[in-house]
Structure formats: structure tokens, C-alpha cells
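Structure record follows, encoded as C-alpha cells.
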Amino acid sequence: MASPQLATFQIPDIQNEPMKTYAPGSPERHALQAAIDQMQQELPFEVPCIINGKPVKTGKLAKQPLPHDHANHLCTYHEADPATVASAIDGALAAKAEWESMPWADRAAIFLKAADLISGKYRYKLMAATMLGQGKNPWQAEIDAAAELTDFLRFGVKYVSELYAQQPPKNSPGAWNRIEYRALEGFVFAVTPFNFTAIGGNLTGAPALVGNVVVWKPSPAATYSNYIVHQIFSEAGIPPGVIQFVPGPPPEVCAQVLSHKSFAGLHFTGSTFIFKKLWKDIAANLDVYKGYPRIVGETGGKNFHIVHESAEIKNAVLQTIRGAFEYSGQKCSALSRLYVSSSVWKNGFKDLLLEEVAKIRVGSQLDWSNFLGPVIGRPAYDKITGYIKKAKEAGGEILIGGSGDDSKGYFVQPTVILTKDPKSVTLVEEIFGPVLTVFVFEDADFEKTLDLIDESTEYGLTGSIFASDRKALIKADNKLRNAAGNVYYNEKCTGAVVGQQPFGGARASGTNDKAGSISIFYRFISARSIKENFVGLEDFKYPSNLV
């Protein structure tokens, strides 16, 4: 029996987590550096699976390398074997009834506490793990592991409170209509990526917040930071079994989970190829499941900037550099294709772009002066440098960059490629690295270029329009209505903020369920309509039956 909730509680006022600057001499810089130093002294760490709140060491070991120093590793983790995955599912299902029936105020309090732990007690530890394991510099770690993750949890509480308050507006005389928002019948499978610690917390936290239980398979390249998030959730009060932590080989873990009759939902961020594969596997297993699983995914992108002849050049250049090269281009929203009007290109854009890119310092993310750190690992390095080679072979002109160094870490220079082929491989295919391809169009071909942007790729995630001419903005917006789920005017195509710009794209970029908004929570609830009658019938006949 759940504790009674004897009032309609009002949640605390929710605001975005203030982001610290880490300026020289600041307390936060000192605290973060101390956390990094301590973590470097203590690594490598050992990470178990966490099943029903207890560590499980399978003895099947894998390593999470340091991307800036691949001879060393951040942690050794135990991969979940079939018995461990089975225990995770069974334990989650056993924990479900008590978790779902917990009063909303108590579930909300747990996640609000988790947010406070992340923004306070564990801020620098979680950032240090994200920096060391995922190659982020301090600012990128701050906006991810500290601010965005905190925002996901706090705004999640706000949105679910609003969702639960949505009730039928009308009641017949003598009756009361209401809606309850049940968790899905079964468990949710969260498959999370390497590039955002916050996404790991949100893909698990969002379903759990509305009463679901979750089996969590983290990315091998983000295992340690995600493990810390799981520990924080436990300290905040999430009961054992509600979120099961099962690092392991993706094909084996996914196949076992997706064949279980109680699989009820997938929450995924990763590549388009893998998402399509999982969707097909789910479809093949439909006869096994109790119901139709909810499938929520955010995948790849081939994100664009288009620069109109009326654009303010300096802003467009600097926004382009940030959009393309922050975190080495490894954001789902990162800019990788740039369309510039010829007059703007000739009248200062090209020169300023190359001048500013030349200033970018590349190296270890632990050096505060470096803007661009390593890419995540060997497969990424080989893929990125392979695309640069393809571009050269296809006649693309390398304006700057084009080289890499994998001797110690996986470093790729920020690369700008100029192409005359609007369908060149680096303008069409996702690269996920610090590679920007430029196509210069004649000013008179602005509308044709909009069509080109819309039709060139299978993706539809983010894009930006740079123009001072309002008519040009309107024209571009209309033409590109379905080319991006997040569109920006005179602003880079990255940096969506929870509570401000709900994030997600359509086409091959995902299901566009908008993380960071109330929309995502509808995907993990199953509504039940209730009508209670207060006045009994005196006769089964209707007035129309009378004569």
C-alpha cells in the first residue's frame, strides 16, 4: 500500500542550471582541476554491472580507453552475459509495481535530489569522468554533464507534473471523468550514446520518472561517466531494480532484450543504421510482445548552415566555427555542410573563416587552452580521415586542416573542404567529426540551393539560416520546413537548451519526440480513462423507447 498523498503539492520553481565559466582563477576551475587530478591518480577504475542495486562482476572484461592517450584506459568494466541480462529484466519487472505506485511527489523528490547532487556534490567528478573518458574540454563537459543533465531532471519533474494535471474538461451530471497516466506494461530498454553524459541520464531518467523500470545499456565509450550517473540515481533514492545497469556487447545484449515478451519500449540515441536495425528486430518480434512497443530514437544528422547574401559575415563565420568544430564535430547536431552565397564568400567570409579556424588549438582536452580535443576512438578516427581522403580523391579542395595524428591520442585537425559538386560524399553522408564541407552558390540561385539542401540527404535534424533580409529568412524557412527539426536564425545549429529549444529531428534523424519537452513523456505512458457514476439507474430504457 502506497503512502497517502494528503495534498496537491506544488513543485519548486524550475529554472535552467546556471553554467559556470571556468575563467582563470575561478573557484570552479580550481575545483574541476582537483577532480581531474584525483581521477587521474586513481584510474583505471573497475565498473561492474548493477543488478537490483548490487554489483555483479561477470569476469568478462572490456576497457574504456582514454581517447587522448589510448595506451591507457579510464576503466575496466564487466560485460553483462546472458544470465546477467536475464536477471536485470526479471529484477526490473519485480520492482515495477512498487515504483509505479509510489506517490508522484516522492518520485519527483528523488529526481529533484538527483539533480541537486549532479549540480552540487558530484558536479566536478562527473565532469572529470566525461572529460577523461569522452574527450570533452571543460566547457563542453559543463554544458553536458552538469547543466544539461540537471536541466533534464528538473524540467522533467515540471513537465510530468503538467502532464498529470491534464484531465478531461467536462463531466456529465452525476459523474466524474478522469485520466490516469500509467507506466508502460513491461520494461523500457535504454541504449545510450558516448557523446553526451546527459543523454545517458535522460534516456533512463525520463521513462523512470513516469513510473517505468529501465534496462540501461550504456555506450562502451561512456561507461564510467554513466556508471557515476547510476550511482547518483541510487544515492538520490531510486529503488534497486528500477534502473538496471548492463554494459556489454551491443549485438548480444540488444538481441536478448528485444526478444523478451515484456519489452515495452526503446529509448535510443545513436546511429541511424543501428536504430533501423533495432526497429526491424522489434518488428520481427511483434508476436512475442504483450503490446506494441514504443520506439523513440534520435539518430544521425547532416546539419547545415546557409548564408544568404544579406548575412552579417562575422557572426555567420564565428557561429559556423562553433557549430562545426566544438567537441570535434561529435554532436548529433554538429554542422557539417555549409552553403554560402558567392558574394559573401568573396567579400570576406572565406578569408575570415580560414583566419579563425587557423587559431583553433588542437590537443588534449585537459589543456585548458585547447578548443578541440580528440575524437572518441580508433573507428571514429579511421572513418573521419577516410572521408577526408575520399573528398580529396573526388576533387575537393582542402582549404585548411586535412590531417590527423593517432600516435598518442585520436586527434584530427579542423578541416574545411571546398567542393563544386553539390552531391559530393562529404556533403551528403554523416561523418561525425571536425570536417566542414563548403558549397558556394551564385546569389541568384538562393532558392535552388534551398531545394538542394532539402533534397540532398536522408536526414532532418538541425539547420541554420543566416540572413538580415526578413523575406529571405521567410523563404528559406518555408522551403526547409521539413529539412530540420531544430532550425535557427542567425545562430549556430547546435546548443539546444532544455526548456528552451526541445530537441529532435525527423526523416532518418529519428522520431522527433523532442527531448527536453513535455512531448517525450507521452511516449512512455499509457493513459487510462476513468468514469465514475454517482447516481444509479432506475430503468434500463431510454426516453426514446417510451410510447
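These residue numbers are counts, starting from 1, taken along the chain as shown.
The backbone N, Cα and C atoms fix where each Cβ goes, glycine too.
The following features are taken from TrEMBL:
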ACT_SITE  Glu298  active site
DOMAIN    70-518  domain 'Aldehyde dehydrogenase'
Cβ neighbour count within 10 Å of the residue listed as 'active site': 27
The correct three-state DSSP answer for Glu298 (active site) is strand
Mean per-residue pLDDT computed across the domain 'Aldehyde dehydrogenase' (70-518): 98
